[in-house]
Amino acid sequence: MKKLNTQSPDFQAGLKALLAFETAQNPETERIVADICADVQKRGDAALIEYTNKFDQTNAKSIDDLILTQADLNAAFERIPNDVQTALQTAARRVESYHQRQKMESWSYTDEDGTLLGQQITPLDRVGIYVPGGKAAYPSSVIMNAMPAHVAGVKEIIMVVPTPKGERNDIVLAAAYVAGVTKVFTVGGAQAVAALAYGTETIPQVDKITGPGNAFVAAAKRRVFGVVGIDMVAGPSEILVIADGTTPADWVAMDLFSQAEHDEIAQAILIGTSQAYLDEVEAAMDRLIETMPRRDIIEASLGNRGAMILAKDLDEACEIANYISPEHLELSVENPQEWAKKIRHAGAIFMGRYTGESLGDYCAGPNHVLPTSRTARFSSPLGTYDFQKRSSLIQVSEQGAQKLGETASVLAHGESLTAHARAAEFRMK
């Protein structure tokens with residue numbers, strides 16, 4: 001891991017270098033994805049079946065072979081162990097409860113002229129959820145993407161999940177059952193994104209696509225954005241821990257590992273105010289790494305993009321955190337709620353030593369789909385509001401038409417838009 005000290009004259013340069021991440025798009029990936037999207041848009045189900053058989057090594061004869069029914073999802077739920085059933089239900093219940101509180105409601109008011117103004121909230125009609133498949137499957141992603149849509153009132157929640165060599169993951173399908181997914185198609189990759197965006201003979205066009213995927217899925221989401229909405233194009237996972245030295249070093253070490261184990265380019269950073277404590281955490285990491293099944297990935301991640309930063313105090317640590325704008329921020333300090341008030345930019349803020357980031361990944365309640373790569377400066381976690389739309393309401397009274405008409409007429413003539421002005425003037429006495 002890199003070692004930085006805020007008192008060093010080259011600290012800012014070192015911090016910028018630490019956060020620099022090459023996000024340039026791969027031209028070959030973009031070309032392949034463009035071809036796949038165009039083909040699916042043109043040939044529909046036939047192209048989808050062809051690509052699925054090719055990339056997932058399946059033997060689908062028709063689109064019916066790629067459809068799972070509610071009975072299939074229920075059967076998958078019944079096959080998994082009781083403790084896993086309970087865990088999925090507990091996580092879904094907590095995520096639902098949290099996202100209910102995010103739900104936007106319609107409102108209106110009437111001004112002094114009797115004109116009604118307001119905002120009408122409506123859910124999206126249909127959304128698509130992309131879920132990675134195979135052995136590296138993430139049932140938590142199903143719950144985090146589908147449940148907010150369900151809470152928002154979306155009528156159709158369509159999930160696409162690849163099944164390499166026909167391998168279905170019962171826990172993923174059980175999560176779909178618990179989270180209220182209405183349809184499942186066993187397709188993946190850019191071809192699945194294209195099918196959701198453009199529609200095929202069997203898969204209906206959706207209004208928005210959410211969910212994680214590989215580079216091809218990310219490229220496809222970028223390509224179809226504008227035809228449909230997307231959640232975000234997420235970068236590598238990130239965690240930043242601010243520690244005052246009161247949390248056991250082993251806990252902090254494992255929290256850093258929890259994000260580093262995702263990917264060789266994931267980022268784990270620790271900011272402390274004591275060199276002795278940073279040394280203690282480093283020693284804990286050296287000891288605990290021996291127990292990690294994904295040791296190679298963790299070591300590569302920490303070597304590539306990990307860091308320990310020595311700050312002069314917690315105020316400075318919080319300012320650094322605001323600059324970094326991390327996906328996950330742990331405030332492993334005393335009085336964490338007070339320090340949280342100093343944080344302006346973070347996807348999720350985990351307050352206190354008992355609030356491990358992994359609890360948020362699975363079952364705390366808030367969404368784990370979070371902005372990465374410093375985009376928390378201007379964007380937010382996935383939520384119920386992402387599956388709702390706002391329409392402005394305007395009902396002008398007869399009296400209001402006189403005053404508003406006069407104003408509109410003057411402004412319209414100023415823009416040389418005569419019909420605009422006349423339309424307002426016709427309603428004036």
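Keep in mind that glycine also has a Cβ here, set from the backbone N, Cα and C atoms.
Swiss-Prot has this to say about the protein:
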BINDING   TYR130, GLN191, ASN214  NAD(+) binding site
BINDING   SER237, GLN259, HIS262, HIS328, ASP361, GLU415, HIS420  substrate binding site
BINDING   GLN259, HIS262, ASP361, HIS420  Zn(2+) binding site
ACT_SITE  GLU327  active site, proton acceptor
ACT_SITE  HIS328  active site, proton acceptor
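Recorded features from Swiss-Prot, shown on the structure.
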residue : record                       : DSSP class
TYR130  : NAD(+) binding site          : strand
GLN191  : NAD(+) binding site          : helix
ASN214  : NAD(+) binding site          : coil
SER237  : substrate binding site       : coil
GLN259  : substrate binding site       : helix
GLU327  : active site, proton acceptor : coil
ASP361  : substrate binding site       : helix
GLU415  : substrate binding site       : coil
Practice item. May I ask which residues of the same chain, at least 6 positions away in sequence, place their Cβ under 8 angstroms from the Cβ of ASP361 (substrate binding site)? Key: SER140, SER258, HIS368
Check your understanding: According to DSSP, which kind of secondary structure is HIS420 (substrate binding site) found in, if we only use helix, strand and coil?
Key -> helix
**Study point:** Lowest local Cβ density among HIS262, HIS328, which the record lists as binding-site residues, within 10 Å
**Key:** HIS262
Exercise for review: Based on Cβ atoms within 10 Å, give me the single least packed residue among the recorded positions GLU327, GLU415.
Suggested key: GLU415
Exercise for review: Could you name the residues, excluding TYR130, GLN191, ASN214, of the same chain that surround the NAD(+) site, i.e. Cβ within 8 Å of the Cβ centre of those residues, in sequence order?
Suggested key: VAL160, PRO162, GLY188, GLY189, ALA190, ALA192, VAL193, GLY213, PHE216, VAL217, ALA220
Check your understanding: Which of GLN191, ASN214, SER237, GLN259 has the fewest nearby Cβ atoms, counting only those within 10 Å, among these binding-site residues?
Key -> ASN214
Point to revise | Maximum Cα-Cα separation in Å among residues SER237, GLN259, HIS262, HIS328, ASP361, GLU415, HIS420, which the record lists as binding substrate | key: 56
Point to revise | Neighbour count (Cβ, 10 Å) for TYR130 (NAD(+) binding site) | key: 28
Exercise for review: Return the residues near HIS420 (substrate binding site), defined as same-chain residues 6+ apart in sequence whose C-beta is under 8 angstroms from its C-beta, sorted by sequence, else 'none'.
Suggested key: ALA408, ALA412
